[in-house]
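Participant: The Zn(2+) binding site annotation in TrEMBL covers Cys83, Cys88, His165, His170.
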Amino acid sequence: ILVNDQRAAVRRSSKTFKPKKNIPEGSHQYELLKHAEATLGSGNLRQAVMLPEGEDLNEWIAVNTVDFFNQINMLYGTITEFCSETSCSVMSAGPRYEYHWADGTNIKKPIKCSAPKYIDYLMTWVQDQLDDETLFPSKIGVPFPKNFMSVAKTILKRLFRVYAHIYHQHFDSVMQLQEEAHLNTSFKHFIFFVQEFNLIDRRELAPLQDLIEKLGSKDR
């Protein structure tokens, strides 16, 4: 979670940059988000991702999932001019990993498409899930559905792919923009969070395994 002026600095207009998802002020989830921001400020990310005492796990995962969506939205927004149909004709994370898009409803059979198209599909799909009050209830007392955890895991698995694409295909651009510290902090927070609650299968994390190990070892 980044300081507001830093967020404003990285905001660039582009067609794949989705509107920010806001958590309603005054709600319990908003309080949780403020708690997360405060603990992140302490600098201990392992501690910052832990479930606060007495809180509901689903709600904690929901609040953080929204925040990661907003962070990735902004990070990708900074490099969209470098991620085009020609430069990134397939959605990949290095030469060994290629992603084909399917959402199970509109597109049932996985399709091969360019990275900007894939990320546009992905972020639109995530946004639709976050906006669905039956999946991500924002009102106090409204229970989370039984399938919440599996939906949250799918969202986080897909958001990881955007990090993987940025690191493998656009890290030079990130460095030119002097955004690498911002990217690394955001990704480290994301990885520590999914590790804490075992939310993404290890095989899915393979494209960035070396980086994940490096980030983890620095923190021991």
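Heads up, the Cβ atoms here are built off N, Cα and C, so glycines get one too.
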Participant: Can you name every residue in this chain, apart from Cys83, Cys88, His165, His170, with its Cβ inside 8 Å of the center of the Cβ atoms of the recorded Zn(2+) site?
Facilitator: Ile79, Phe82, Ser87, Ala115, Pro116, Ile119, Ile166, Gln169
Participant: For the binding-site residues His165, His170, work out the Cβ neighbour count at 10 Å and name the residue with the minimum.
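Facilitator: Comparing Cβ neighbours within 10 Å for the binding-site residues His165, His170, His170 has the fewest.
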Participant: Across all the protein chains here, work out how many other Cβ atoms are within 10 Å of the Cβ of Cys83 (Zn(2+) binding site).
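Facilitator: Its Cβ shell of radius 10 Å holds 21 other Cβ atoms.
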